[in-house]
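This report concerns only the one structure given below.
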Amino acid sequence: MAAVMAIGIITQGVVTNYFGSEYISGFGKLLSIFNISLWIAFLFSLILSIQSNQFRSIHYENPINRFGIGTWIAATSICSILIYRNFPGWISLVTYITIINSILWITYMVISIFALRDICRLKFTNKVHGILLLTTVSTQSLVLLLNTIYKGDMILYISISLVLTGIGFYFVCVAFILKRYLQNFKNINIEEEWKNTNCILHGAVSITGLACIFTNVVQESIITLIWVVSATIFLIVELVEIFRLIKRVKRFGLSKGIFIYDVTQWSRLFTFGMFYTFTFRSYFGTGLLSQIQSFVIQIGVWLILSLIIFEFILSIKGIVMNHKLSHVRLRG
């Protein structure tokens, strides 16, 4: 589902914002159809995992993995927005999906609270990573969805409550993550222990800022402050990523250090797309800060498009290699 989140935000938040919906409406619809099809395929895979009695072992048994359910909510929110924006005839369907997604979110919140308890009880605190922050991402994605399709005071009050809930989960989960990495800072093996999902440290702040913009009640100065926080965390996390990349290349070589597919890499694309979208929507056009934002907007779009093409190539390579391996096993 992380791939659906990444492609969705790049379609609706990066490409559409930069090039303009009037110029890429046809291409945007094609990307939306592809992403919605991918979302449906993932839903079928979830159903199959239930039928084969593998759902619990894959998604629930490990308390840390339970947080991955947040991608279902965020992906569903993004796909619902894509349907609403591109296919007006399906708006009634979006209403039903939103209701189901809201119920799923409530269930996920309960699961996440118990998962945090189990992480402490089972002493898994030394294994936590950015996946915990999907609690914030899923919550704020629901704010984006609700404010896209509904208006009114009730939605406003719900949105404010959701934004605050997401912020609360962010602080709690960041405390878990910081404790994990800071308590063993000197002996950390960054090549192995630093996870791709840690980029959600800044992605969760970006989507929170975007959710605040969608509510239309948060002051411009607060939006700017959130952007500065998001940009600062983005810079810190990505500097760590560059350092990790150098260490991985030295240890594993180029082929295994960079050119290897991991499904969690889509989470980075999502966070890049979300930071870009937040930057675009929070751009006010005056002062030094706006010059930095303008640079991000002009350069970021091409960086993100290059990264997603690279990720598609790695994905295809991974699928081909897995197919060859399964073929060899069948022969053996």
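In case you wondered, yes, glycine gets a Cβ from its N, Cα and C as well.
Keep in mind that TrEMBL annotations are predicted by a computer and have not been checked by a curator.
What TrEMBL lists as transmembrane segment is 30-48, 69-87, 93-116, 128-149, 155-178, 199-218, 224-246, 258-279, 299-320.
Tertiary proximity for the transmembrane segment (93-116) is limited to same-chain residues at least six positions away from its ends with a CB under 8 Å from its CB atoms, namely 60, 63-64, 66-67, 69-70, 72-73, 76-77, 80, 83-84, 132, 135, 138-139, 142, 145-146, 149, 165, 169, 172, 176. Pairs of Cβ atoms less than 8 Å apart link the transmembrane segment (128-149) most often to 155-178, out of 69-87, 155-178, 224-246, 299-320.
Panel annotation: around the transmembrane segment (155-178), residues 109, 112, 116, 119, 125, 128-130, 132-133, 135-137, 139-140, 142-143, 146-147, 198, 201, 204-205, 208, 211-212, 214-215, 217 of the same chain, lying at least six beyond its termini, place a Cβ under 8 Å from a Cβ of the stretch. With a cut-off of 8 Å between Cβ atoms, the residues of this chain six or more beyond the transmembrane segment (30-48) that come close are 1, 3-4, 7-8, 11-12, 15, 55, 72, 75-76, 78-79, 82-83, 85-87.
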